[in-house]
Amino acid sequence: MPKAPKQQPPEPEWIGDGESTSPSDKVVKKGKKDKKIKKTFFEELAVEDKQAGEEEKVLKEKEQQQQQQQQQQKKKRDTRKGRRKKDVDDDGEEKELMERLKKLSVPTSDEEDEVPAPKPRGGKKTKGGNVFAALIQDQSEEEEEEEKHPPKPAKPEKNRINKAVSEEQQPALKGKKGKEEKSKGKAKPQNKFAALDNEEEDKEEEIIKEKEPPKQGKEKAKKAEQGSEEEGEGEEEEEEGGESKADDPYAHLSKKEKKKLKKQMEYERQVASLKAANAAENDFSVSQAEMSSRQAMLENASDIKLEKFSISAHGKELFVNADLYIVAGRRYGLVGPNGKGKTTLLKHIANRALSIPPNIDVLLCEQEVVADETPAVQAVLRADTKRLKLLEEERRLQGQLEQGDDTAAERLEKVYEELRATGAAAAEAKARRILAGLGFDPEMQNRPTQKFSGGWRMRVSLARALFMEPTLLMLDEPTNHLDLNAVIWLNNYLQGWRKTLLIVSHDQGFLDDVCTDIIHLDAQRLHYYRGNYMTFKKMYQQKQKELLKQYEKQEKKLKELKAGGKSTKQAEKQTKEALTRKQQKCRRKNQDEESQEAPELLKRPKEYTVRFTFPDPPPLSPPVLGLHGVTFGYQGQKPLFKNLDFGIDMDSRICIVGPNGVGKSTLLLLLTGKLTPTHGEMRKNHRLKIGFFNQQYAEQLRMEETPTEYLQRGFNLPYQDARKCLGRFGLESHAHTIQICKLSGGQKARVVFAELACREPDVLILDEPTNNLDIESIDALGEAINEYKGAVIVVSHDARLITETNCQLWVVEEQSVSQIDGDFEDYKREVLEALGEVMVSRPRE
């Protein structure tokens, strides 16, 4: 606070009271007048016949001056430390000071005549003591107490340096309160930065303890010296009017405080570098809006409500201010183009990188079970750890009862009740039912997991997840590792799922049957639609039409403004202002809260379109392809087929179905000539060209080449024609010149489809072609098959592809191939009945 100018100094209260001045003036007062007053004061003290009334008056005035001096010194000390006291003359402190002075004060006697000489400027304290010496000692102790318990400022400091210093002083606290706060802070460090903070505080406290002088010695001398120096320089600071302090933000800091500030800034730099290193090591970054008080109250709710979260991967933003809403008991399908972050979102939910309510147990089925000696059924049962603990306790208590310990009977009864409540008796039957539905026969259910392939171990993992029934079950492409029969069972089983479900799938038929809601990932946001995938598709198409109309209307308005003489910038600004007014009007009408996001000009809605095309073949006389009297079996195994006899024409549309392991893929290899029959022969037209899509398609690609180079080398195509062919099958232009080994599974599949088209086949033989394709690409494949004039033989677990292409169903069973009478719904019913399941007929929403 600036002081009055030197020309009109405030008159000190002690001027003119030479007769009643106290000895404290020798220590506290300043200037040449001080010395004169001190001299007069000693002369007055020498008079031994002082009246008793004058002595009492001196004591009263002495107490008043002490209070004034205390206030002045405290104010200077607060100014020096960057503090501001809201109420300097606190009533409680005054009473305490008065009581202390009364205790310390002594009547006029010989002791008072032994007043020590004033302290020299060097700060060396002379021996002896009186009322004022005791007061100075108390003041130094109060300063120590204030350093231990700094008073809370009434108003926050504007200078951030002061704030940093006050924060830096906290680790040096040595009082009871400081110890309690320190112990609380050390109890549970949240992360490595918090632990580093605690370590830094400990180091600072040790440094301060080492450098701290004795309380009764150097510290008091130092403080007295600082006080006298500041008082001596006070008049010069008044002349400057506080300008130097305003210019220099560090002017009010002592050397000790500057040293602490330097240490604090160095610590902050270390923390910042650690955070930067941590961010560089992690590929993903997540941010989320702070939860409101209402959301915090609903932490135990069964629903999930996450607002304004963002996720980026490898520097690419996947979600920006997106909202996630999941209602308990509903079954959600998460859809969107490949590579936009669907799987990433599931992993962040499972890892609780997002704020999921703690009472919701989350399970993401993504890893296959460990390959060991554990039978498949036991691997499923062991997932329920609670049941295992209860069974172990049951055995222990039964052993105690057999030994005559009757005290275990009561606890054993409670264990039985818990086992009944969890359905422990039916646990094994439930596990075997799930395994059977996923394609495990009784012998396979008891087979050790180490004897299964990766795909079958993935099925065991899926069975464990279904057996556990978590509050929120998340499945990422669950049908990829399943055959058609297992997909039919899983589809039917999940329609009766009573808990919350979140599925990522490219199987439109699966989403139509299972899901009650669709979450669409589009433009880094999540959009919600009630109903199954078919309902979503209709609503989304309508929404895109409306957006296109609004965009065209906006472009028309911009064109009119430009024609009227407005620049492009001015026209866009005026259009944005009109959008803002319209947005505010809608908010007032709907009584919505104001959005902080400024309206942006509409962009043309992007239609994600993929179109597959296969060139039409020339006509060939039937039969173009067939197996006659074929028997085949792998060496050392029983035959898969016996006496196969059938032919295929140019207009054939055949889907081969059956459980895994019966030989569907083997049958396709026999038709392509890649396998030679044990008996019989494969016959084909001599002009026939076969296009074969193998589900192990990566083996036929040259990984070191780019897609463009691969097609150019194989078919002698010009550069532009090769790129056009890749573009027709939905491969992005930037991927045309990237090495095939760096492409995703879906991108590699598109390269193989482009290669098939370049071969101009007469017959398409496709083994699980929908793996790694998104829904739009599967639709495009179905349309291409329908338009294709040649024969098509497909093995697929995608029900919609089968039904959309009107394929005849040929089932492989009992070493033979036979055609099914009826459609796909009849086949589904037949599969479920064979498993002892009842077909669920869910009404479409």
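Keep in mind that glycine also has a Cβ here, set from the backbone N, Cα and C atoms.
Quick look at what Swiss-Prot annotates:
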BINDING   Gly336, Pro337, Asn338, Gly339, Lys340, Gly341, Lys342, Thr343  ATP 1 binding site
BINDING   Gly658, Pro659, Asn660, Gly661, Val662, Gly663, Lys664, Ser665  ATP 2 binding site
COMPBIAS  29-39  compositional bias 'Basic residues'
COMPBIAS  47-64  compositional bias 'Basic and acidic residues'
COMPBIAS  73-85  compositional bias 'Basic residues'
COMPBIAS  147-160  compositional bias 'Basic and acidic residues'
COMPBIAS  206-226  compositional bias 'Basic and acidic residues'
COMPBIAS  227-241  compositional bias 'Acidic residues'
COMPBIAS  559-580  compositional bias 'Basic and acidic residues'
DOMAIN    304-548  domain 'ABC transporter 1'
DOMAIN    625-840  domain 'ABC transporter 2'
MOD_RES   Ser22  phosphoserine
MOD_RES   Ser24  phosphoserine
MOD_RES   Ser105  phosphoserine
MOD_RES   Thr108  phosphothreonine
MOD_RES   Ser109  phosphoserine
MOD_RES   Ser140  phosphoserine
MOD_RES   Ser166  phosphoserine
MOD_RES   Ser228  phosphoserine
MOD_RES   Ser595  phosphoserine
REGION    1-261  region 'Disordered'
REGION    559-602  region 'Disordered'
Lys340 (ATP 1 binding site) CB neighbourhood, other CB atoms within 10 A: 16
Local confidence of the domain 'ABC transporter 1' (304-548) - pLDDT mean: 90
Nearest of the binding-site residues (Lys340, Gly341, Thr343) to Val662 (ATP 2 binding site), judged by Cα-Cα distance: Thr343
Neighbours of Gly658, Pro659, Asn660, Gly661, Val662, Gly663, Lys664, Ser665 excl. site residues, C-beta within 8 Å of centre, ATP 2: Asp483, Thr666, Val812
Distance, Ser665 (ATP 2 binding site) to Asn338 (ATP 1 binding site) (CA atoms, angstrom): 27
Listed binding-site residues (Lys342, Lys664), ranked by Cβ neighbours within 10 Å, top entry: Lys664
Cβ neighbour count within 10 Å of Gly336 (ATP 1 binding site): 20
Residues within 8 Å of the Gly336, Pro337, Asn338, Gly339, Lys340, Gly341, Lys342, Thr343 Cβ centre (excluding the ATP 1 site residues themselves): Leu521
Rounded distance in angstrom between the Cα atoms of Thr343 (ATP 1 binding site) and Pro659 (ATP 2 binding site): 28
Nonlocal residues around Pro337 (ATP 1 binding site), in sequence order (Cβ under 8 Å, 6 or more apart): Leu521, Tyr608, Asp774, Glu776
Asn660 (ATP 2 binding site): secondary structure state under DSSP, collapsed to three categories: coil
Cβ packing number for Gly658 (ATP 2 binding site), 10 Å threshold: 20
Among Gly658, Asn660, Gly661, Gly663, Ser665, which are recorded as binding-site residues, the nearest neighbour of Lys342 (ATP 1 binding site) by Cα: Asn660
In three-state DSSP terms, the structure that Ser665 (ATP 2 binding site) belongs to: helix
